[in-house]
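First comes the structure, then the notes that go with it.
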Protein chains: 2
Amino acid sequence: MLYFIGLGLGDCKDITVKGLEIVRQCSRVYLEAYTSILTVGKEALEEYYGRELLLADRDIVEQQADEILKGADVSDVAFLVVGDPFGATTHSDLVLRALNAGIQYRVIHNASIMNAVGCCGLQLYNFGETVSIVFWMDTWRPESFYDKIKKNRDMGLHTLCLLDIKVKEQSMENLMRGRKIYEPPRYMTVAQAAEQLLEILQNRRDRGEELAMTEDTVCVGLARVGAEDQTIRSGTLQELASSDLGGPLHSMIISGHLHPLEVDMLKLFSGPEGLKTLKMTDSSTYAS
Amino acid sequence: MLYFIGLGLGDCKDITVKGLEIVRQCSRVYLEAYTSILTVGKEALEEYYGRELLLADRDIVEQQADEILKGADVSDVAFLVVGDPFGATTHSDLVLRALNAGIQYRVIHNASIMNAVGCCGLQLYNFGETVSIVFWMDTWRPESFYDKIKKNRDMGLHTLCLLDIKVKEQSMENLMRGRKIYEPPRYMTVAQAAEQLLEILQNRRDRGEELAMTEDTVCVGLARVGAEDQTIRSGTLQELASSDLGGPLHSMIISGHLHPLEVDMLKLFSGPEGLKTLKMTDSSTYAS
């Protein structure tokens with residue numbers, strides 16, 4: 001059996017009881033380590049589980065899947081994923097490979113950022129399509145996520161923005177020379193994401209477009225959701241561009257229409273002057 | 001401290017290790033019991049936790065919140081919620097009441113249907129706004145969820161439909177006479193939800209509207225996600241209208257545009273003739 005086990009978002013003890021029991025009985029345990037990170041490291045997990053973990057980076061999962069599947073038809077192998085196994089990313093490919101090889105699979109779910117963002121008080125059923133914001137480079141500055149935010153805002157919906165993660169990336173030079181030397185990991189902060197959005201707003205304004213949002217639109221920055229030192233900050237896009245929410249991982253929400261209860265919750269996470277750009281549009285709706 | 005603890009979707013052991021440790025140390029433990037149900041009952045949880053659970057129905061949470069909060073400033077109280085505490089529903093009101101009473105709170109996240117639906121192979125970031133489908137009554141047959149499905153479909157997005165739950169409802173007669181006699185709980189099945197959608201399609205066709213979907217649109221029915229006997233069925237809306245996925249809880253997804261990997265996953269859950277209404281719209285997109 002191949003077990004896909006979600007680890008949740010915080011620390012060692014966010015694994016479910018069922019997940020932990022399976023981890024302790026499997027013959028091999030892989031830790032998927034390129035789509036997200038747990039606030040605690042591999043060593044802390046190994047100590048708590050009492051098991052050695054095999055790091056599964058992108059190369060291994062995508063190109064050496066056979067290694068992961070080896071023997072899983074006669075013994076149990078666990079594949080651990082931060083968050084939920086089918087949350088922010090998907091491991092469908094590994095499921096299909098397993099079934100093709102006659103190996104059964106089972107999923108042990110857990111919280112992912114896709115549902116845990118509800119902790120800021122914005123209601124999950126008021127969210128539209130989730131977007132990803134990638135690190136801009138000199139020559140590659142995609143703005144497509146802005147257009148999706150616009151569609152959501154037009155319908156009054158919030159947008160969850162997943163922020164870029166660069167783990168085990170090679171520099172262009174090392175990639176071209178075939179040298180397996182990796183850059184230090186990078187995680188986009190809420191401030192960086194807000195900066196890129198501000199630049200897009202200016203670009204669109206210069207082109208005379210009608211804007212989906214402004215520097216005053218209320219946004220929410222979230223850092224290390226589920227961990228002891230989780231930090232949530234609500235405020236205008238402009239305010240978040242100069243925020244410092246500490247270490248990774250960060251995510252950001254662009255608000256749509258807000259219910260009064262959602263506003264009350266966001267007030268818990270804003271400064272005393274926060275949310276003053278919110279305007280009541282009718283007795284049960286706020287917008288910014 | 002008031003702890004909001006997610007129980008996940010399956011059975012006793014889907015609670016996180018952290019959640020279980022807290023449950024066992026709290027002075028009082030409430031089980032929220034009106035927005036969802038766990039596949040196992042209260043008694044099974046009590047036995048596994050080794051704790052008595054106080055059932056918190058809608059009356060208690062909304063009208064007698066003080067009882068839940070009593071003493072939580074000096075001792076620990078746990079409030080257990082099936083799924084994630086801020087998942088399919090929200091307990092913001094209880095958070096705000098606690099803070100007003102000088103009581104701190106903490107959230108222990110878990111899987112909810114909002115992220116666990118990823119197990120069918122449809123990617124979570126391809127979903128639009130989530131909708132609720134309510135039981136129709138003789139004189140109240142709302143169709144608003146259809147219009148949201150249409151907006152999602154127009155953008156190529158999937159729609160998660162949460163299906164109605166009626167727990168501890170009074171009949172109109174008992175309500176008017178003030179008799180606290182409750183109807184047996186009812187849970188909408190995928191077949192019932194599909195039937196209502198088929199009727200709406202017919203209504204809209206009669207009015208000459210351009211349809212968002214047809215009887216042939218590929219949908220996914222999910223039952224008891226996360227439990228041992230979880231059942232997933234993919235097929236056309238028409239097929240799902242005559243499906244029997246067993247006991248509660250059920251949810252349904254109306255597909256949008258599909259990536260080939262999503263199609264491969266849905267094939268795992270369809271009959272041999274299933275998905276034959278899917279058409280390739282370009283080399284990397286299918287639609288129905």
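Along the chain as shown, the residues are counted starting at 1.
Heads up, the Cβ atoms here are built off N, Cα and C, so glycines get one too.
What TrEMBL records for A:1-241 is domain 'Tetrapyrrole methylase'. Sequence annotations record features per position, and here TrEMBL assigns S-adenosyl-L-methionine binding site to A:Leu9, A:Asp84, A:Gly87, A:Ser112, A:Ile113, A:Leu163, A:Val225, A:His250.
On the structure: features taken from TrEMBL.
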{"residue": "A:Leu9", "record": "S-adenosyl-L-methionine binding site", "Cβ contacts under 8 Å, 6 or more apart": "A:Leu38, A:Thr39, A:Val82, A:Gly83, A:Ala111, A:Ser112, A:Ile113, A:Ala116, A:Val225, A:Gly226, A:Ala227"}
{"residue": "A:Asp84", "record": "S-adenosyl-L-methionine binding site", "Cβ contacts under 8 Å, 6 or more apart": "A:Gly6, A:His109, A:Asn110, A:Ala111, A:Ser112, A:Met114"}
{"residue": "A:Gly87", "record": "S-adenosyl-L-methionine binding site", "Cβ contacts under 8 Å, 6 or more apart": "A:Gly6, A:Val81, A:Ser112, A:Ile113, A:Met114"}
{"residue": "A:Leu163", "record": "S-adenosyl-L-methionine binding site", "Cβ contacts under 8 Å, 6 or more apart": "A:Ser132, A:Ile133, A:Tyr187, A:Met188, A:Thr189, A:Val190, A:Gln192, A:Ala193, A:Leu249, A:His250, A:Ser251, A:Met252"}
Neighbouring C-beta atoms (10 Å sphere around the C-beta of A:Ser112 (S-adenosyl-L-methionine binding site)):
32
Just checking a number: largest C-alpha distance across A:Leu9, A:Asp84, A:Gly87, A:Ser112, A:Ile113, A:Leu163, A:Val225, A:His250 for the S-adenosyl-L-methionine site, rounded to a whole Å.
17
Any idea what the model's mean pLDDT is for the domain 'Tetrapyrrole methylase' (A:1-241)?
93
DSSP-derived structure type at A:Ile113 (S-adenosyl-L-methionine binding site), helix or strand or else coil:
helix
